Amino acid sequence: MTEGPIPLRVSNKQAYVWDVDDIAKLRARHGICGMLTGTLPRLSQQNVFLGVPLVLMPEEVVFLVEKGLACLVDDKNAHHDPEPSHLAKWDNARLKAIKHQLALAEEEREAREHQYMTMTEEAMRKRKERERRKAGSASSPNDQSRSSPEPAENLLAHDNHGAISDKQHGQDPPAASKTGVTSASYTVHVSAPSSQLEWYQQSSHSFTTLASAREAGIWDYPSTPEERARCAVFRDLREKGYYLGIGIKFGGDYLVYPGDPLRYHSHFVASVIASPRTPLQPMEIVAHGRLGTGTKKSHLLCEWDEENDIVTCYSIEWAGFG
């Protein structure tokens, strides 16, 4: 069975990937990493570990569409007004899923309570047996009264007396004193992907070429010589097997990795030169060389010759004198 292109859902001319399987496929098969930007539901007060959606660089989007690996989806217009019957069907399925999850959670709670009660009865039996052995080994009644601990029945009586006194004061004993299992709220998961809704029509708003997406008004990258140069450099380095990431923090356009960034450090910082006629000041070359060496990387000056469709890369490293 042949797999279709990966849908890149476009909103405000920014491409997103929402499906986890598609994210894994992009990274493992096509060397496209992107950037996770979504907040994790259980870790919402931090931004170290993020989740879906995956945001792609414009160059990554152009590379995937030109290779026929992905298609652009007009996500806004793909959502149509739902019919009442569709809404009723969706709501019934949602409520059914919630009831099923609550029933499973209740069964799990009852199983924990039964396990706790079984363990408690076994523990009380063992305690009574230990007290009986201690009472039998005592040498005299006086020693027995001093050495043997209070019987378990008295302890239970004290506990029951405490519970009764709580009720007399209008207070309910805590849940843990009854069953040993503290009550907890249930977490109900509701399916969220809109692509599974009946009123979401992706096929009529998908575009497999950049030209058709540009005509529809959802995508216009690249539109300048600088943007075309960035796409050409990205395509050239990616076809050579390198993984690319955002390089703004290191003074360049891309970070160039020899493999997956989860396994390797970047070896190069790449800067794009739009054409062979683009002026380049000597101080820029010195700055790139010093910055690359200071971050333990080499700096690449990647020149794009649009007339001959050639990308030429120059590596710069700082060297001492004398």
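Cβ atoms here come from the backbone N, Cα and C positions, even for glycine.
Feature annotation from TrEMBL assigns domain 'TSEN34 N-terminal' to 6-75.
Here TrEMBL flags 106-155 as region 'Disordered'.
What TrEMBL records for 125-135 is compositional bias 'Basic residues'.
Residues annotated as compositional bias 'Polar residues' in TrEMBL: 137-148.
The domain 'tRNA intron endonuclease catalytic' annotation in TrEMBL covers 230-310.
What TrEMBL records for Tyr257 (among others) is active site.
All chains included, 11 other C-beta atoms sit within 10 angstroms of the C-beta of His265 (active site). Under the heading active site, TrEMBL lists His265 (among others).
Residues or ranges marked as active site in TrEMBL: Lys297 (among others). Listed in sequence order, Phe250, Ser266, His267, Phe268, Val269 are the same-chain residues at least 6 apart in sequence whose CB falls under 8 Å from the CB of Lys297 (active site).
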Under a criterion of Cβ-Cβ distance under 8 Å and sequence separation of at least 6, what residues of the same chain contact Tyr257 (active site)?
-> Tyr242, Tyr243, Leu244, Gly245, Tyr264, His265, Ser266, His267
Taking helix as H, G and I and strand as E and B in DSSP, count the residues of the domain 'TSEN34 N-terminal' (6-75) in helix, strand and coil.
-> 21 helix, 26 strand, 23 coil
Which whole number is the mean pLDDT over the domain 'TSEN34 N-terminal' (6-75)?
-> 93
